Each structure stands twice: as structure tokens, then as C-alpha cells.
Amino acid sequence: MKQSYDYIIIGGGSAGSVLGSRISEDVSNNVLVLEAGRSDYPWDLLIQMPAALMYPAGNKLYDWIYETTPEPHMDGRKVGHARGKVLGGSSSINGMIYQRGNPMDYEKWAKPEGMDSWDYAHCLPYFKRLEKTFGATKDDQFRGHHGPIKLRRGPADNPLFQAFFDAGVEAGYNKTPDVNGFRQEGFGPFDSQVHNGRRVSASRAYLHPAMKRKNLEVQTRAFVTKLNFEGNKVTGVTFKKNGREHTVNAKEVILSGGAINSPQLLQLSGIGDSEHLRSLGIEPRIHLPGVGENFEDHLEVYVQHACKEPVSMQPSLNKLKMPFIGLQWIFGRKGAAASNHFEGGGFVRSNEDVDYPNLMFHFLPIAVRYDGTKAPAAHGYQVHVGPMYSNSRGHLKIKSKDPFVKPDFVFNYLSTEEDKREWVEAIKVARNILGQKALDPYNGGEISPGPEVQTDEEIIEWVKRDGETALHPSCSCRMGPASDEMSVVDPETFKVHGMENLRVVDASVMPRTTNGNIHSPVLMMAEKAADIIRGKKPLDPEYIDFYRHGVHDKDAGTIK
């Protein structure tokens, strides 16, 4: 290991993998990636096998194993948050669902002063650069065809998927061929980061192919304990590996630790709310009260049904069948283990006052919780549902100068009347769809929440008890102009306001969370950041039309 690098990237997760690969494309750049977790070994079935996605969570070999402080509006429940502590970060342990969000998300990002380069037209070319979309035709102007992230469409060929899509139509919605294309609104097959029966993590797609370069070095099990400074200029980092402390210098340091670790390290380094830092004996370096604030996440629940016909994937949870399923995957990369099973779903508006979808549905032809707890039924299916734009906000604060002490954080789920109202709408919409005739041949009755949950108050009480994080923490170091006191990162450079040689590139800089899973937007931001950091001309914006309710015909872009 050298004593000095041009760039040190803290975190070998989703954003860090993109940055390590792209920045080291310039042979003149010496790049060091520091990852606190271990490597994502190619033989590790719990990472590489798509259907094993439920097993890394809660396992210290893969997961930081975070949890919130008691959520004040969920009867004091602590909500567990799995975050990838392994090369590839959360892209090595997530559900592999690829969703860009709605184009209007980026139109809203671009509205504040200084944010105009973040509209959909400016983001679209970076989405396309990262994608290799096997489910799109070569002339599809919305999708990329030559990027490192290989995407499988569907296939959603289990009969329960088609019945669910048809039920959505019967409930008054539409089918869409591609939720990442012209029209997000509607029901249809999803893209997943699965190729040839194997997970496509950011590290597998970006970092591993680049690691043969002499100017890129990746250190795993390297826990960064502090940033080093001369005044307000970052000069390098100190990290611990195998019990030994190392200090390395850099022209620039890039934080890509994610929405929990990046604000934590900033606060440990004296960058945050001055009063809070002083209370812990940390001398403030710069007062940035937005560090750790504006914290957003998606909360979700499972609406589960028993299935009357033996067509669900429920038998695959039988431990007696797992060895055969595993051998099918090991020797052929096929069978039940070769899919994440989140092969379809939909996006809808919960009422006519909403301009674009505010509810997301993931459909599963199986009834099982994310922790592996299966429903009491021989066969079953479920939808994961939750509001996408909750106006509840949380915060993250370190509670010690010790970098190994986990920070306190809370999301304040269900803290506003608007949030609660959307939750009631979400459950009613889900029940309406699941109660349609298209599902009658399979519908063996609701398991969860169950028929005893009917009134608005009962629904909210159930969400308090049963809601889980969708694992989309974001916005804790949000970007915005320096004139915005609560912004942390400059939107044109990703540099931390008031600091030199320090940038943040990960989910924490999102100004608002997007509609859907957030891994794709994080990759997009990292692709764009890499061009900015390298001094390259940004990709030209692509101004193409996309579906907007009330502007286009209600059936525009749909399929039968």
C-alpha cells in the first residue's frame, strides 16, 4: 500500500464501486478504495444466489446490523436496518430490484435554485450509461444497452403474476411494459439485477473488472476512524485493519459510506451541528446543521393471502427441498434459487389528487417475511406496499467520539397526519386489487393483516406493529446550494460546503427520496459524479417526453 493517493474512496459499496472503476479509468489517477467489510467472494452463496437474499440480513459477516432508536409514533418499536458491510455494500445483500424512480422525482430535484442540472433530462443519459437492459428493444430511447449493470426483465411467468396484473386492470389501473421507461404508472414485470441466475452487484459489475488495473487498490476490512485535516482542507484518512492503524494521504477524499456511515464520519470529524458536536467534546470544524438531518426512508408492510391452487413458490421454503434447489443453482444457475422472485409489481396513485404514483407494490408468488418467517399456509402470495413520499423526517446523531460506537437515528415513521392518511389509502388500494375476480381462482383468504383489521385506526395500529423498513435510507447529507443552511453538499461538485478536498457521493446526498428502490438512482448519481470529479464534460441532456397524468391520454404507453 502506498502512502499517498490521488483519490481515497471511503466505502466499497454501490457508489464507491462505480467511483473506483470510473475514476481509475484515467491511468494518471491513483485510487484507493477502503471497505470496512470483507470481500464478496465469488463462492459465497448468500451473496451470489439471488433467492438467498433473506439470509445476509442480521449476519455480522454481511450486515452492519443497525436499528433505530425507539420510534416515537410506532409505540416505541426499534426498527432493524440491514446495511451491507461487505464489498458491494447493500448491493451485495439487497433484493436486486432495479427501479429508477418516476421522472417527476428528478423534475422536483431540479426546482430549487442551483439544482437545474438534476432534472430528468440530465439524469437520463447517466441511467442509460450504466444499464444493459435485456428486456428492452435496441431502439428504446429510454433504456441503456451497453452498460455494466445487466438487467433481467421479469419473467413473471408464474400464473399468480399475470393474475395480479389482471387484477390491477380490473381495479381500474393499467398495465405498463416497463416501469423504467415512458410510463411508470401501472402494473407489469420489473427489472432485476440478476444475470444468468446470479446477483449483479455494483462490485461485481464495476469494481472487480477494474481491480486488475495497477492504479486501483481495494482494501477490505479497513475501518476508517477519522479524516485528517490541515485547517478545513482534508489531507487523508486514518483507518484500522487487522488491529493495526494506518494513515494515508490523498489529494481528495470521497465519502461513499451510505446514508448512515457518511453523516456519522462527518460528525466525528467536526462537520455538523456545532452545539451537538461540542456536547460530545468534539471541536466543530464547520457548522453544517444539515448533517444527519432530513433523514428519509420507505416503510412497508406485507399483505399476505393463502393460495387455493398449488402454484405458489411456498414449497421452496421447505428445508427438505432446499438441498435440491441449491444443487440446481450450483450446477446450472437455474431453478427457484436463480431468481429474486420480485419479478413484477406496480406503481399507482392512491387518489385523483396525486399527480404521479405515490404507492409501490412488489408482488411475490410466496408468503414470507424478509427475515424468512413463512406464513401459515401450504401455498400463498403477498404484496409489499407502502407510500413513496412520506413527509415524516428523521435524523442521525453520533452519541460518542468513538467511531466504533453506532450512531443514534430515527425516521419518525407515521409522525404526520398526511403520512397516516396515505397508509390507510395504501392498504385499501392493496385490498381492492387483491380482491378482484382475476385472483378468485387462487384467493384462499387474507392472512395478514387479517379480517379483524378494518377501520382506519385499526390499519394504523397494524402498521405500527408490523411495518418494516424497505431499506431505503437517504437524504441525510442532502445536496443543495450553500444558501440553503440545511444542505451539506454542492450539487454541481459533490463537495462538502466550506471544506476543501472532501466530497460525498452516495444515497445521503439525495435531496428527496425517489419513487421505488433507490439503488438505481445511487448508481446514476455516482456515474455523474465520476465525470464531474474527472473534469469530463457531462453527458448531454436528453429531452424526451414521459408519461404524465392529466397531460397524456390515460391509456398512453399501456399494454393489454
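All positions are counted from 1 along the displayed chain.
Each Cβ is built from the backbone N, Cα and C atoms, and glycine gets one as well.
Summarising the environment of Asp26 (FAD binding site), the number of other Cβ atoms within 10 Å of its Cβ, over all protein chains shown, is 14. Residues or ranges marked as FAD binding site in Swiss-Prot (evidence: sequence analysis): 6-35.
For His472 (active site, proton acceptor), the Cβ neighbour count at a 10 Å cut-off comes to 24, with all displayed protein chains included. As annotated by Swiss-Prot, active site, proton acceptor applies to His472.
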*Could you say whether, by DSSP, Asp6 (FAD binding site) belongs to a helix, a strand or a coil region?*
strand
*Taking only the Cα atoms, work out how far His472 (active site, proton acceptor) lies from Val18 (FAD binding site), in Å, as a whole number.*
19
*If you count other Cβ atoms within 10 Å of each one's Cβ, which of the binding-site residues Ile10, Val18, Leu34 has the most?*
Val18
*Report the same-chain neighbours of Ser14 (FAD binding site): residues 6+ apart in sequence with Cβ closer than 8 Å to its Cβ, ordered by sequence.*
Gly88, Gly89, Ser90, Ser91, Ala202, Ser256, Asp506, Ala507, His519, Val522, Leu523, Ala526
*Fewest other Cβ within 10 angstroms of its own Cβ, chosen from the binding-site residues Asp6, Arg22, Asn30*: Asp6
